[in-house]
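Let me begin by presenting the structure, written as structure tokens, before commenting on it.
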Amino acid sequence: MPEEAETFAFQAEIAQLMSLIINTFYSNKEIFLRELISNASDALDKIRYESLTDPSKLDSGKELYIKLIPNKTAGTLTIIDTGIGMTKSDLVNNLGTIAKSGTKAFMEALQAGADISMIGQFGVGFYSAYLIADRVTVTSKNNDDEQYVWESSAGGSFTVKADNSEPLGRGTKIVLYIKEDQTDYLEESKIKEIVNKHSQFIGYPIKLLVEKEREKEVSDDEADDEKKDDEAKKDMDTDEPKIEDVGEDEDADKKDKDGKKKKTIKEKYTEDEELNKTKPIWTRNPDDISQEEYGEFYKSLTNDWEDHLCVKHFSVEGQLEFRALLFIPRRTPFDLFENQKKRNNIKLYVRRVFIMDNCEDLIPEYLNFIKGVVDSEDLPLNISREMLQQNKVLKVIRKNLVKKTMELIEELTEDKENYKKFYEQFSKNLKLGVHEDSNNRAKLADFLRFHTSASGDDFCSLSDYVSRMKENQKHVYFITGESKDQVSNSAFVERVKARGFEVVYMTEPIDEYVIQHLKEYKGKQLVSVTKEGLELPEDEAEKKKREEDKAKFEGLCKLMKSILDSKVEKVVVSNRLVDSPCCIVTSQFGWSANMERIMKAQALRDTATMGYMAGKKQLEINPDHPIVEALRQKADADKNDKAVKDLVILLFETSLLSSGFSLDSPQVHASRIYRMIKLGLGIDEDEPMTTEDAHSGGDAPGLVEDTEDASHMEEVD
């Protein structure tokens, strides 16, 4: 008695995705075949890999292939592979109840106008079958389980049951019941066209069951018998030859040895035709391969719907032999920096035999956007993942891949337009490389691009910056911050720009990590204009003026330090300000204001490190600013004047904000500003507040008159 089918509901996101696929019009439905062939190829890769360590895995079927069977009579297209197959739990989980991470991301991309052909990149390619089929059955046999069949007409549920029909041995058979308006996908010519376009570089034979004709000589009696048999079978789907009378031979009197007349008839028969006889592209001479061929191979390898940006095809010979084909895609994948995501961008082959596609030791993490193939002559076929980690050959391959990738990016820099596209997508990867890869740091630094105070809207390289440096300029000056507008208007760049020195604007959070490791470039030290100890080239007159200013404002600096106490490490006369009265700088080895902001946003930040790294601040005052000069005169007249204390605190808090820091008590600072606005508008301090104000108890600290308020201001950071 046959086992009853179990019914399962599709996971909500998968049901949504299927509904989207079925109910939306897509013009390029043909990608369904690419996706199903790609999945079949993956299944074949898995069984071949398992068989390297356990050859008995192939006892259930030695031949590894993909077969396509169109049946116009039944209206079905069948895709068979002799891959690893699926167990019952695989069928339930992989085809419906567990959504992959890409399901939601793909739906969002689709709704945002992305192409349906992107589906394979998100790991949900199987569901593209419903572009052309209204019902799908998947029969599968894994070595570790019985044969089961999965079936769904996409109505929100699917069934799985044991299958006692024709045994597969091992592998998967997908039957697509083609929609009435999609029957052109049953035509041989259409299938050949799609396979040639999308899947010609699959590493296993793709066989298509085709119908052919041949002429055959038979006697009249045999012809009559075969004709009758053929008529009897004409409605049945069969591989038996079909007979068609093509008239008698030219020699009507020609007879066989029994004296019977002979006829030539046309016989129809079916046979497998291999569609992808092209040998692996990476084994061919690069000079013989067109850009179109590289493009087709890239798409079949990655399921990308766009062409690659550039390609590097090379071979290494000598003590170690391997061939490789490396591609840079046009855009970043949606999950590029997901830590838990297994990378499968570079497929590792040994002597044309696929070994694995998620070998983490093949290329460093910061280059995880590179896609391609590596085919080694020296690795053992049955190498395990554990053995790979210790393998010296792999380390040499990795070193060569990194070197060739650097060459590829360097070649790309010569094409400004394409490099701009590349940099917009992958600049974070290059910067991560500067942070992580000390051996290639100098080379990666050449690839970085930034806005500067002299570059306008264009990006420029550090090499361009160095070539424009003034004769008396010793350092590369830079500033980090949130945006180009913010840093270009910062108080820190005033004097540097006024002196004609160019400043590099670093406005991405990752730049803070880059400069921790990129201390110099081409012998020029990188100097932050927001850190203490900024030295600008100066002549004797400027030196003399600076010494005079130091002496003149020494008393004010000491007074300000005593008022601000532990809030600052010291107060000094600045050599970097022009228009601003003061600014807050950090110590050489502490965090900049921008880094402090980034670290405060970290959910898992270390508060002990925060206190240590963010603790040291220095207040710099501008000796040429009228506010500072007036404050000095007021302090010299009476250093105990409460107004001086109030103004010092107000200046300090305002400079914290303008220097990119945040206030611990913004409300107290705001209250002081409101009090100043009141004074500016001539509103009497003693004027009674409205009822709401009285209830809120919103008593703001005074600025000048109220002694108690003034001392309160002194205590608040």
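Heads up, the Cβ atoms here are built off N, Cα and C, so glycines get one too.
Looking at 48-52, 488-492, 578-582, 713-717, the stretch flagged in Swiss-Prot as motif 'TPR repeat-binding' turns out to be 713-717.
Comparing the binding-site residues Asn39, Asp81, Lys100, Phe126 by how many other C-beta atoms lie within 10 angstroms of each C-beta, the top residue is Asp81. Restricting the average to the motif 'TPR repeat-binding' (713-717) gives a pLDDT of 39.
For the recorded site, Asn39 (ATP binding site), the DSSP three-state label reads helix.
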